[in-house]
Amino acid sequence: MADAKELKQVLTGPIISNNPIALQILGVCSALAVTSKMETALVMTIALTAVTALSNLFISMIRNHIPSSVRIIVQMTIIASLVIVVDQVLQAYAYDVAKQLSVFVGLIITNCIVMGRAEAYAMKTPPMMSFMDGIGNGLGYGAILLSVGFVRELFGNGSLFGVEILSKISEGGWYQPNGLLLLPPSAFFLIASLIWIIRTIKPEQVEAKG
């Protein structure tokens, strides 16, 4: 049984020290597509965290019974089944958000973070640690998504979660929204800025030259 310190490290490590987007550069495509609004960024975070945590748990529970030759197929089947469940739940209880997320919920099946943790961690680690690792990596992914979504929605549309924060000139206010921030390429610059900030604070994350 893992001790509390080890569980805490597995849970909190991916948020900054080993962030899947900022350090490992995984899951960037969805980060570009779903961060124009905080609402979609939050729902995508919850969806990916649930899929990663539960797929890690189930794969870890049967890891000793999966033949090496078909392990990827088994992992994909478990992940795909969980994604279908998540997608159906979203369509049932948050249909408007599900429409905005479009195909990106389905693409969780091929998300490098989910597949990477299943293969590199869950196949070698007991269920509880694997479950916590899934939650930690989901939270790390979400930390970047929500940070980018905060900047893009606030300064691109003057709102957060659809609630007006900065009064727009077009409605008699003072703020002129920056439309560039609502375009997907802006997320590249924001993610790059976050990576730069994190690696300035933690220089040990900078890759060695040569």
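Each residue, glycine too, has its Cβ placed from N, Cα and C.
Taken verbatim from Swiss-Prot:
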type	residues	note
TRANSMEM	14-34	transmembrane segment
TRANSMEM	42-62	transmembrane segment
TRANSMEM	72-92	transmembrane segment
TRANSMEM	103-123	transmembrane segment
TRANSMEM	131-151	transmembrane segment
TRANSMEM	178-198	transmembrane segment
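Take the transmembrane segment (14-34) and the stretches 72-92, 103-123, 131-151, 178-198: counting Cβ pairs under 8 Å, 131-151 has the most. Remote same-chain residues near the transmembrane segment (103-123) are listed as 20, 24, 26-27, 29-30, 33-34, 44, 47-48, 51-52, 55-57, 59-60, 63, 66, 71-72, 75-76, 78-80, 83, 86-87, 90, 130, 133-134, 137, 141 (criterion: CB distance under 8 Å, separation of at least six residues from the stretch ends).
Same-chain neighbours of the transmembrane segment (72-92): 43, 47, 50-51, 54-55, 58-59, 62, 66, 98, 101, 105-106, 108-109, 114-115, 118-119, counting only residues six or more beyond its ends whose CB sits under 8 Å from a CB of the stretch.
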